[in-house]
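Pulled from TrEMBL, these are the features on record:
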type: DOMAIN; residues: 93-517; note: domain 'Major facilitator superfamily (MFS) profile'
type: TRANSMEM; residues: 21-44; note: transmembrane segment
type: TRANSMEM; residues: 151-171; note: transmembrane segment
type: TRANSMEM; residues: 178-196; note: transmembrane segment
type: TRANSMEM; residues: 202-225; note: transmembrane segment
type: TRANSMEM; residues: 237-258; note: transmembrane segment
type: TRANSMEM; residues: 264-283; note: transmembrane segment
type: TRANSMEM; residues: 347-369; note: transmembrane segment
type: TRANSMEM; residues: 375-396; note: transmembrane segment
type: TRANSMEM; residues: 403-422; note: transmembrane segment
type: TRANSMEM; residues: 428-451; note: transmembrane segment
type: TRANSMEM; residues: 463-483; note: transmembrane segment
type: TRANSMEM; residues: 489-512; note: transmembrane segment
Amino acid sequence: MTTFDEILVEAGEFGRFQKCVFGLFCLVSIPCAGVFVGIVFQGFTPEHWCRNPVVEDLRGKCGWTLEEERKYTVPLINTTTGPAYSQCQRYDVDWNSTIGCSSPQLNFTVNYGNDVPLTTCQDGWVFDYKQRSSFVTEFNLVCSDAWMVDLFQSILNLGVLMGTIVMGYVADRYGRKLCFLVSTLANAITGILVAVSPNYIALVIFRGLFGFAMKGGWVTGYVLLTELVGVDYRRTVGIIYQMFFSVGILILPLIAYLIPNWRWLQVAITAPYFFFLLYYWWIPESPRWLLSQKRPSEAVTLAKEISKVNGKTLSKNVEALTDDNEELLRPSFLDLVRTPKMRKHTFILMINWFTSAVVYQGLIMRLGILGGNVYVDFLISGVVEFPAAFLIIVTIERMGRRIPFTLSNIVSGAACLIAAFIPADEYWAKTLTACIGRLGITIAFQMVCFVNAELYPTFVRNLAVSVCSTLCDIGGIVAPFLLYRLAVIWLELPLVIFGILAFIAGGLVLLLPETKGRPLPETIDDIENPKRTKETKTYQLVTLLPSDVTTNKVSTSV
């Protein structure tokens, strides 16, 4: 019996074949940034106030500026940051009989005293968006309807939550390649439907369907790459694959600046998925999945193709290529919780997925409520992510997975807590600390993905990553409400919550086993009894060696 890991050593663990597939899948990560955090631009809420049609007419007649129109339309109110114009109330006065072009506010006092009546924004709002269009301005999602912006983001993650479970099963049951292509086709169709949504109800429905398809393709690509390369390359492949999400973060503000209309921005985000459909001719099925489904002849054919492209020659052992499992294994959710170690891994990884999503998405969306130049701020936040990939590569080579994973969570948590209590006028100190927090959670987010893939056997690996990452999607559902609603109470309160969650997640990581340098597990027994499994495989390898080689080794040892 010959395992795929042994054949991969002969065929090339990361040769030209794997590099081509790897390059193709890295492109898949780029538009994912626009899908997940494009709300910063698509759901941008500009400065706004109640519209009064009469005042608009008077502005033209009296020659008022836009600022004067607002001054005469809405009252000043006290906020946590000082006096500000109301965004949800306006003066309820009879302009036709009471107010003229000169000294409107003096006339308010003459006619109503100090108790000028107020009313809600019955005629809509005026948006000072400087030629930028968002679904917020189009559908008037402000004041009492502001929660609908939160729902727009949460419904995406709800779709992702449902989709990752379904697509995870599809990938383990029907193959990685089929799952990726189905997800990509669904992304292309639903993404365009989002762009042409005629109203808010249609928008959230199509947004949810978009999320349903999106992550299934991304996770499947990640798992396929992990199963296609040798053990020594898994970490680099996984890290760089995720780093291309950060490339998307850098590209997104440029695209959003050039395309200020939210509908056309959605089209730009969706367009790459039509190109990804060409992958039908360019990517292979996972050989490990083929073996787990008792299809060794197809796995052998693929192994030969890999070796040919890589310029290698396979030994006759390839004909004995088979899976370690004696039975055809079907993935089941119960496999993730049935045994003690699998159950522990699942629980800890779920907590870390949840924390990474809440803190990461929360810190990004926070940029949209701080004021300033959102394009520049978003670009800086994207640049901060790049050192994460290099820090991971350097640290896990020397320290393994567990310690860097733990420290990244703790550093992020500490930075969030410190930033929350730095005075607002200490802008650069606050910004630098927040950037450290962003860097830490980026490292944690990248590590949870490839550690998740390394802790589960082949037949259930895609399902395990999908199920565990559902907590990431739940975190994405919670994050908008957690950020926007708590920020109304105290702008820095979300940072305190982020810090506490990161500390808890970091502590739990210490309970996970180290996976550095270990081959991917093939069965649940490899997880529950790693030492016994290693001894068994060593014995099997020795018995497969030619007798003269075995004799020479024995003689040498004697």
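Glycine residues also receive a Cβ, built from the backbone N, Cα and C atoms like all the rest.
Caution: TrEMBL annotation is automatic and unverified by curators.
Counting same-chain residues at least six beyond the ends of the transmembrane segment (463-483), those with a Cβ under 8 angstroms from any Cβ of the stretch are 36, 39, 147, 149-151, 153-154, 156-158, 160-161, 164-165, 167-169, 171-172, 215-216, 219, 222-223, 331-333, 335-336, 346, 349-351, 353-358, 361-362, 365-366, 369, 449, 452-453, 455-456, 494, 497.
For the transmembrane segment (264-283), the partner stretch with the highest count of Cβ pairs under 8 angstroms, out of 21-44, 178-196, 237-258, 489-512, is 178-196. Residues of the same chain lying 6 or more positions beyond the ends of the transmembrane segment (489-512) and with a Cβ under 8 Å from any Cβ of it are 80, 344-345, 348-349, 351-352, 354-356, 358-359, 362-363, 366, 369, 401-402, 405-410, 412-417, 419-421, 434, 437, 440-441, 444, 451, 455, 482-483. Same-chain residues lying 6 or more positions outside the transmembrane segment (21-44) and placing a CB less than 8 Å from one of its CB atoms are 129, 132, 134-136, 141, 149, 152-153, 156, 210-211, 214, 217-218, 221-222, 224-225, 228-229, 237, 240-249, 251-253, 255-256, 262, 265-266, 268-270, 272-273, 276, 279, 282-284, 361, 364-365, 367-368, 374, 378, 476, 480. The average pLDDT computed over the domain 'Major facilitator superfamily (MFS) profile' (93-517) stands at 83.
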